[in-house]
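In Swiss-Prot this protein carries:
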BINDING   T15, G16, G17, N127, R163, S191, I244, A263, L264, T265, V266, S267, E268, Q288  UDP-N-acetyl-alpha-D-glucosamine binding site
Amino acid sequence: MSGQPKRLMVMAGGTGGHVFPGLAVAHHLMAQGWQVRWLGTADRMEADLVPKHGIDIDFIRISGLRGKGVKALLAAPLRIFNAWRQARAIMKRFKPDVVLGMGGYVSGPGGLAAWSLGIPVVLHEQNGIAGLTNQWLAKIATTVMQAFPGAFPNAEVVGNPVRTDVLALPLPQERLAGRDGPIRVLVVGGSQGARVLNQTLPQVAARLGDTVTIWHQSGKGAQHTVEQAYAGVGQSQHKVTEFIDDMAAAYAWADVVVCRSGALTVSEIAAAGLPAIFVPFQHKDRQQYWNALPLENAGAAKIFEQPQFTVEAVADTLAGWSREALLTMAERARAVSIPDATERVASEVSRVART
């Protein structure tokens with residue numbers, strides 16, 4: 001039996017912030033000979049994305065409870081029980097040595113199913129404040145890790161696993177030394193875009209004129225509107241794309257990033273070594289604010305809560321950063337990154353599987 005490959009089931013779904021770090025760890029362990037399967041839901045992004053990465057996926061039926069009506073909340077225990085039964089049957093077939101919960105609704109019933117079968121549960125919290133599922137699962141987990149300090153008081157801070165092409169970028173001093181001309185501003189609202197960025201940055205461009213050049217990811221369906229907004233203020237020279245497929249190339253091009261502060265975005269920007277203006281999504285637990293705070297505290301970024309994200313404030317901030325200041329900020333961002341996060345998570349999974 002000892003010669004058989006170890007088996008891991010990754011439980012992650014819903015958003016890229018959960019799925020991409022899970023894929024990074026899965027690929028790392030597969031390269032070491034592990035067998036990996038995925039537990040997800042059929043109607044979210046993991047259903048298409050995970051099989052494209054050569055990983056088999058099993059589905060359970062589960063969705064979030066936040067913001068649902070009374071009827072849905074009353075039905076929740078039965079839905080969770082059914083999802084737990086489905087996950088338990090899947091794990092009985094696959095017989096994983098360990099499960100890795102990377103967040104999303106699927107982790108709840110999946111983690112409970114693993115625990116009920118005596119399978120060790122390893123948790124990774126990507127955000128600076130723990131989600132409800134992970135708060136609950138932490139009570140039964142063998143090990144809990146966190147990307148940023150503060151989500152769990154005693155968990156090891158290991159960073160967020162990020163894509164290898166971002167980690168492979170040249171260091172800031174190598175990449176940015178000798179650059180001149182307009183400051184290159186990369187605007188990223190996530191794959192869905194961000195209306196506040198789409199409305200504000202064309203006006204910022206009008207104020208700053210030829211001192212900046214902008215590459216703006218508008219999000220799905222917004223490219224034409226954003227292009228018109230730039231053209232309407234005489235700034236049609238800037239580049240607007242609906243989606244950026246090669247984020248590593250975009251980071252390599254940029255001098256500074258203006259973006260939301262989802263956990264994976266913050267970790268990628270730190271790993272790339274880039275200054276940033278963060279505009280946290282206004283969630284009631286301020287999750288994105290807490291994600292961005294370590295970089296602001298390190299002197300690598302500036303946080304604008306959405307009401308403060310005005311044309312004047314952003315234009316003044318960008319105008320006030322010299323190339324020397326941007327390089328210093330870039331180096332500070334890189335200094336607080338944890339580039340071996342994938343290895344750290346994979347190593348803990350391996351350790352738990354051996355014990």
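Backbone N, Cα and C define each Cβ position, glycine as well.
Cβ-based neighbour count (10 Å, all protein chains) for L264 (UDP-N-acetyl-alpha-D-glucosamine binding site) stands at 23. In three-state terms derived from DSSP, I244 (UDP-N-acetyl-alpha-D-glucosamine binding site) belongs to neither a helical nor a strand segment and is classed as coil. Non-local contacts of V266 (UDP-N-acetyl-alpha-D-glucosamine binding site) by the CB criterion (under 8 A, 6+ apart in sequence, same chain) comprise N160, F278, N291, A292, L295.
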